[in-house]
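Annotated in Swiss-Prot:
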type: COMPBIAS; residues: 1-10; note: compositional bias 'Basic residues'
type: REGION; residues: 1-30; note: region 'Disordered'
type: COMPBIAS; residues: 17-27; note: compositional bias 'Basic residues'
type: REGION; residues: 77-108; note: region 'Disordered'
type: COMPBIAS; residues: 85-98; note: compositional bias 'Acidic residues'
type: MOD_RES; residues: SER178; note: phosphoserine
Amino acid sequence: MTSVRKRKMNRSSVGKATRRNKDKQRKINIQSNPIIAANWDYSLTMAQNYKKLGLRAKLQTPAGGKEADLSKVVKRIPLTKPVLDEDEDEDEGEDEQNDYNAATVELDENEIPEGEARIQRDKNGDVVRVVYGKKKNFDADEDVNKIKARDTTEETEVVKKLEELASRPVIRKERCQSEREEEWLEKLYKKHGDDYKKMFFDKKLNIYQQSEGDLKRRLLRWKKRNGIVSK
């Protein structure tokens, strides 16, 4: 037997305060553009999809930085350690030698920006040499076409299809006058002829206070359709 308070709460129209589960992230279907919808990967984020399609999610630089591309990262340390200590020592020596050789190759003065420098060290950490950069950030004598060709990235197939879609001519659809509008224009023409000023001040027919220019455009279109020659 429940108490009076419980029975009153059950009859009340106010819902009970239950625990609210976390809303699941809704996957929105891309319907605005058929080309993007056909190439959209729902397992990726919006920024990742835009990058894959060759587009930009934001015109400006993102404030929080960019997502690191881990596909190009080469791990030099093995995931599992070898069983034998001798093999481990040999692998460590090979890794150090590879790191030293890679550092030697990467230090190119023509690839380092002007005003910066890179320090090259040996296996013990001692400074071997300092490489000063000679790469200019902007060369005024450089050809503009070379700069554009260097900065432009290769267009993807999706971008080419979108550009082809955008370059299609737009077919202009002419507005057709309704039957009621034609009847209204016919009444105005029979009453005032080509005097658009009187049409403008006609309070009974021009109830929506259409301007003289608007009335003239409508009547010229109506005359052209009905084959009426202006006086």
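Cβ atoms are placed via backbone N, Cα and C, with glycine included.
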Under 8 Å by Cβ from the residue listed as 'phosphoserine', counting only residues of that chain that are 6 or more apart: none
DSSP-derived class (H/G/I helix, E/B strand, else coil) of the residue listed as 'phosphoserine': coil
